[in-house]
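Asker: Input: one structure, supplied below.
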Amino acid sequence: MSQDSQHGKWTISDKRKPDKITTFFKQEPKLSPKCNEDTHSVNHPSAPSMGSEARTATHVNQTNPVKYESNPSPSVKRKRETEEAGWNLSSSDDETPTSALKNEPKKSKVSPKRKKTEDKRPPSPHGTSYYKEEPADFFETNLLSMNDMYRFYLNKVTGIPKKFNTGALHIKEILSPMFGTLKESAQFNYCFDIPWMVEQYPPEFRDKPVILVHGEKRESKARLIEHAKPYPHICFCQAKLDIAFGTHHTKMMLLWYEEGFRVIILTSNLIRADWYQKTQGMWMSPLYPRLPEGSPETAGESPTNFKRDLLEYLEAYQAPELAEWIDRIKQHDLSETRVYLIGSTPGRYQGPAMEKWGHLRLRKLLSEHTKPVQNEEQWHVLGQFSSIGSMGLDKTKWLAAEFQRTLTTLGKPGKSLVYPSVENVRTSLEGCPAGGSLPYSIQTAQKQLWLHSYFHGWHADVTGRSNAMPHIKTYMRVSPDFTQLAWFLVTSANLSKAAWGTLEKNNTQIMVRSYELGVLYLPSAFSTFVFRSHTRRVICPCCQGRS
């Protein structure tokens, strides 16, 4: 792209020829300026860009009311983004000046203009006939191809060779009788398309109780409830978001069966576009059996303390609606879990509580459960995500001062951020609308041009997903020849301070804005020194190099 455009200065493909790092979990495509003009220009993807007609129906003005109004102030724009909890999947702009917050009430006179966008919303660029029904052989019919050791799975992608979908999972399969006789479920997520979600349950489970844990407020909350009216088996739990500009970004399923209980931590929203032609990932727990009656509270714990950490995460919601689910988890045996839970919950934490959430939680686990590797300084740290937040005028403000220190617990490494280029997005299965799932505002990008030196392009040749733009978020440390991994994390957390937390008060306090959740794979939990891949490319240890 030409030098006269600021866009060209922050798009990898035009600034420099990136090294080709092939991985099945690379960072999500960066929202290209051109695609951004076709969709939206703020920190959230629009319904059109995500290609979901359901978004048009369920969130009439959650995309970007500012785009269709006359030049409101930045503080008003950002206030609306937060209040609506629309589609800003990253909640990345987390550096609003205090003065802006103080002035917000005075700007409320602009709010009546919001009605202009409630009547009609731009149509989806994908069109109403974009989605195709998959043939029966698209779905798994048995568990023979499932990866029982690592329990990590990609989502199925429409439009790629069938061999690359073998062993991957679609939401219809996750909710099918193949994994258990469902009695009740809880869906934690950021975006919901309720009619579509209900259709993903098989007919025999379609009226089983479901609780939706969300972060919607005001008009968007009212719309969510309105669209659930035809489904009396659905109820709600609103996550508390007491710190400005935070979101409920966690993506998790709790599934209660006649046979036991299961946890799924994933990267997909509950909308059709996220399960169609994007690269997504998930960890699916084993089927947890019920403990014998009278078992002590400490029973059923795993070596990774997963049960304790999951209960602590759910208790952080302080929601009576989740009390029954907390009791159910206590009644089940989670001892077979081999991953560590890493969550974020909104709040300001001091003392020992600082290491419970966000990147300090990751730092603590890496320091306690990993060992030095040979030539560790040459091992790369790779980060991959679908959104980039505001990190300051230079890397010392947060990225290197806090986050990179966490990721480099084993020693100083090379660092890379894998994020699709404009060309990646344009040539993807979805085309330019895929950029709507990769929010990174021009305003933020222009303030941190120093970040460009970290970027590498998106390639996922081993798993056939080079053209399936990633909404998956992964972080890992790999050997110089890309054949070994020291650790691997799949999470909902993008590259933002809102998601990972930022230190305050001379590093004596950490402040976290959003709810996030992920699982960390450490070799020690699998009785090995490192994870090994079957190829010289960077792949997930859980895939075993499958192609």
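Using the three backbone atoms N, Cα and C, a Cβ is placed for every residue, glycine included.
Annotations for this protein, taken from TrEMBL, read as follows:
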REGION    1-132  region 'Disordered'
COMPBIAS  27-41  compositional bias 'Basic and acidic residues'
COMPBIAS  58-74  compositional bias 'Polar residues'
ACT_SITE  His249  active site, nucleophile
BINDING   Lys251, Lys473  substrate binding site
ACT_SITE  His471  active site, proton donor/acceptor
SITE      Ser496  site 'Interaction with DNA'
Asker: Give the distance between the Cα atoms of the residue listed as 'active site, proton donor/acceptor' and Ser496 (site 'Interaction with DNA'), rounded to the nearest whole Å.
Answerer: 15
Asker: Give me the Cα-Cα distance between Lys473 (substrate binding site) and Ser496 (site 'Interaction with DNA'), rounded to a whole Å.
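Answerer: Computed Cα spacing between Lys473 (substrate binding site) and Ser496 (site 'Interaction with DNA') is 12 Å.
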Asker: Expressed to the nearest Å, what is the distance separating Ser496 (site 'Interaction with DNA') and the residue listed as 'active site, nucleophile' at their Cα atoms?
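Answerer: A Cα-Cα distance of 12 Å.
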Asker: When a 10 Å sphere is centred on the Cβ of His249 (active site, nucleophile), how many other Cβ atoms does it contain?
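Answerer: There are 32 such Cβ atoms around His249 (active site, nucleophile).
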